[in-house]
Amino acid sequence: MASLGIEAEQEPLLGDRTAGSREWDIIETEEHYKSRWISIRILYLTMFLSSVGNVAVIRSYIAGATSLQERTSSMANTSACQALGFILGPVFQTCFALIGEKGVTWDTIKLQINMYTAPVLLGAFLGVLNIILILILLREHRVDDSGRQCKNVNFEEASTDEVQVPQGNIDQVAVVATNVLFFVVLFIFALFETIVTPLTMDMYAWTREQAVLYDGIILAALGVEAVIIFMGIKLLSKKIGERAILLGGFIVVWVGFFILLPWGNQFPKIQWEDLHNNSIPNTTFGEIIITLWKSPREDHSEGPTGCPVEQAWCFYTPMIHLAQFLTSAVLIGIGYPSCNVMSYTLYSKILGPKPQGVYMGWLTASGSAARILGPVFISQLYTSLGPRWAFSLVCGIVVLAILLLVVVYKRLVAFSVRHGRIQE
């Protein structure tokens with residue numbers, strides 16, 4: 001975990017005192033530098049172990065504890081740790097299945113450790129360990145956009161005088177636009193995660209078990225791909241900048257969903273069995289009740305496969321080929337992590353050296369709203385109108401996001417750059 005931030009941690013940020021300054025006149029010592037990066041690495045660990053409820057706070061802290069030069073790398077490391085946690089969590093849970101349902105029992109405290117309780121106990125232990133590390137090692141650190149140390153509660157020589165607030169207003173247009181872009185990023189990935197299982201069951205006549213297994217493998221592979229992208233972004237951003245990567249990410253996502261549009265003259269297999277099971281001609285009311293009572297249990301053991309006949313679009317919408325779907329998944333797996341990291345990295349830079357807790361809370365709320373609305377949106381459209389309309393509208397949403405990004409492109413600059421304090 002510590003190796004993730006090595007490139008950004010090669011040298012302490014040392015400098016000379018600036019005459020007449022009350023806030024930016026503190027040199028970052030070697031001790032302060034080490035303490036700052038230990039604190040940041042502890043938050044990497046926190047994102048790996050448990051990011052639920054901590055995302056806004058962690059992003060806010062890292063934004064205030066890193067310079068503009070360090071920001072992108074640190075944010076990418078944060079997302080990589082979170083993605084690793086999402087990938088390895090289910091893997092650990094699968095390994096615990098080897099313990100079995102019976103497991104072992106600690107008679108002294110009446111504690112049974114089996115495939116169900118072991119993951120919970122491990123999670124609790126890691127949570128306590130994380131809390132202990134935070135209490136012992138985490139310290140409050142602040143640096144400005146240039147990397148010069150700001151006075152804070154951990155700096156013993158700090159003056160009791162009131163610290164000057166950095167002059168200049170935050171570009172609210174850029175703030176709102178970035179929130180909208182972040183919403184779209186989370187929205188499109190949430191709906192993609194949601195639609196993967198019903199889409200593959202309808203198009204390829206997979207059973208529930210096959211869909212869970214194969215789609216799980218696909219999503220796990222996308223998680224590994226995302227970690228690789230997070231690491232590559234750190235190098236690429238230094239050459240072409242965050243805004244270009246964000247724009248490129250949206251374009252790649254658009255291409256991914258465009259490829260998902262149905263083409264050709266081959267149609268999916270129709271789930272005729274479902275029609276026969278539910279059609280009960282010339283039966284009494286009692287027979288209908290008995291049939292309805294039995295049918296869910298029969299379907300549970302071995303249900304029909306294919307595109308349900310209740311979805312009228314199954315009869316006239318061409319199927320999405322497996323190669324088509326996998327290509328789209330790879331492209332979305334490239335575009336999503338790129339857009340995700342760049343959107344909140346730019347957001348933190350736009351806000352500048354002022355405390356970002358409230359603003360980061362709004363960004364997290366925007367992402368949470370997207371995760372709620374995305375699945376509802378795609379489920380209703382897909383069931384009613386089919387993949388052609390659903391993915392066409394998603395492509396339209398991405399195009400609108402690209403147009404918004406183009407309009408505000410020049411405004412998505414760091415606070416200090418906008419006010420002429422440092423060169424971009």
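Backbone N, Cα and C define each Cβ position, glycine as well.
Taken straight from TrEMBL:
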type	residues	note
TRANSMEM	42-62	transmembrane segment
TRANSMEM	83-100	transmembrane segment
TRANSMEM	120-138	transmembrane segment
TRANSMEM	173-192	transmembrane segment
TRANSMEM	212-233	transmembrane segment
TRANSMEM	245-264	transmembrane segment
TRANSMEM	325-347	transmembrane segment
TRANSMEM	359-383	transmembrane segment
TRANSMEM	389-409	transmembrane segment
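When Cβ distances are compared across the two stretches, the transmembrane segment (173-192) makes contact with the transmembrane segment (359-383), since 3 or more pairs at least 6 residues apart fall below 8 angstroms. Among the stretches 42-62, 120-138, 212-233, 245-264, 325-347, the one making the largest number of Cβ pairs under 8 Å with the transmembrane segment (359-383) is 42-62. Ranked by the number of CB pairs under 8 Å to the transmembrane segment (42-62), the listed stretches 83-100, 120-138, 212-233, 245-264 are led by 120-138.
Non-local neighbours of the transmembrane segment (83-100) in the same chain are 47-51, 113-115, 118-119, 122, 216, 220, 223-224, 226-227, 230, 337; each lies 6+ residues outside the stretch with a CB under 8 Å from one of its CB atoms. Panel annotation: around the transmembrane segment (120-138), residues 38-39, 42-43, 45-46, 49-50, 92, 96, 113 of the same chain, lying at least six beyond its termini, place a Cβ under 8 Å from a Cβ of the stretch.
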